[in-house]
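Asker: For reference, the structure I am asking about is given below.
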Amino acid sequence: MKDRTQELRTAKDSDDDDDVTVTVDRDRFMDEFFEQVEEIRGFIDKISENVEEVKRKHSAILASPNPDEKTKEELEELMSDIKKTANKVRSKLKSIEQSIEQEEGLNRSSADLRIRKTQHSTLSRKFVEVMSEYNATQSDYRERCKGRIQRQLEITGRTTTSEELEDMLESGNPAIFASGIIMDSSISKQALSEIETRHSEIIKLENSIRELHDMFMDMAMLVESQGEMIDRIEYNVEHSVDYVERAVSDTKKAVKYQSKARRKKIMIVICCVVLGIVIASTFGGIFG
């Protein structure tokens, strides 16, 4: 009969090599994934920092009736940088999302896939939070610019309601603000100059908001659909932490009780030894 031991051993070694290759490939894939996660997190942090800088520029521009061009250019650069970085983040998150959907379509389920889904959900939520802050910052700045325009119109003797001013802004025509204003004083001219400056800022803002609107809504809807899953994960994590803390507490109590019991046993043994010595001495004295 032919001995197939060597053949079987070779086949087993080949299977082992395949398993090692798969494991190494999977580990390399996850390493690359986590590098991508860190890159995305860095981009989101950069957006957050730029948003804070945008707030400072807004305050500087509003503090001056005629802000210098350098400050306005720096603000535009910040807004442009936020837009570019946000598009990068969106593209990378979309890529991860598609990869996850492909694996789910093949009915694959693994710890690695769950990790990737959790990371993707966390990053998506963080991204939307940062962009929401940026959107709120822009909206607040628009309202402040609008308020300044209204005050300057009042200086020229022209009173407008909030609704009327909104209609004027939506017209996109700067000349509409000069209508009915008598340009007979330097105050009126200065007021009109600031009105035109603020109106220009509002137009830029609205263009920026419009450009980011579709991306923002897309990511917001994604996060909303993931919300329930994220809440469930957070609930499980919190309860796992509580369980671990209780387990540690119970372990400490057990060690404490065990230590007390051990000390009691030692005391009993010592008492028995002392009692034995006393009895032995007593009987020794009697029979001595």
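Glycine is no exception: its Cβ is also placed from the backbone N, Cα and C atoms.
OK, Swiss-Prot features for this one:
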- 1-13: compositional bias 'Basic and acidic residues' (COMPBIAS)
- LYS252: SUMO cross-link (CROSSLNK)
- LYS253: SUMO cross-link (CROSSLNK)
- LYS256: SUMO cross-link (CROSSLNK)
- 192-254: domain 't-SNARE coiled-coil homology' (DOMAIN)
- SER14: phosphoserine (MOD_RES)
- SER64: phosphoserine (MOD_RES)
- SER95: phosphoserine (MOD_RES)
- SER188: phosphoserine (MOD_RES)
- 1-20: region 'Disordered' (REGION)
- 1-265: topological domain 'Cytoplasmic' (TOPO_DOM)
Asker: Given SER95 (phosphoserine) and SER64 (phosphoserine), what distance in Å do their CA atoms have, once rounded to a whole number?
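Answerer: So the alpha carbons of SER95 (phosphoserine) and SER64 (phosphoserine) sit roughly 44 Å from each other.
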Asker: Helix, strand or coil at SER95 (phosphoserine), per DSSP?
Answerer: helix
Asker: Tally every other Cβ atom lying within 10 Å of the Cβ atom of SER95 (phosphoserine).
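Answerer: That number is 12.
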Asker: Could you pull the average pLDDT for the domain 't-SNARE coiled-coil homology' (192-254)?
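Answerer: Looking only at the domain 't-SNARE coiled-coil homology' (192-254), pLDDT averages out to 64.
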Asker: Per DSSP, to which secondary structure element type does SER64 (phosphoserine) belong, with helix, strand and coil as the options?
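Answerer: The three-state answer is coil.
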Asker: At a 10 Å cut-off from the C-beta of SER64 (phosphoserine), count the other C-beta atoms across all protein chains.
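Answerer: A count of 11.
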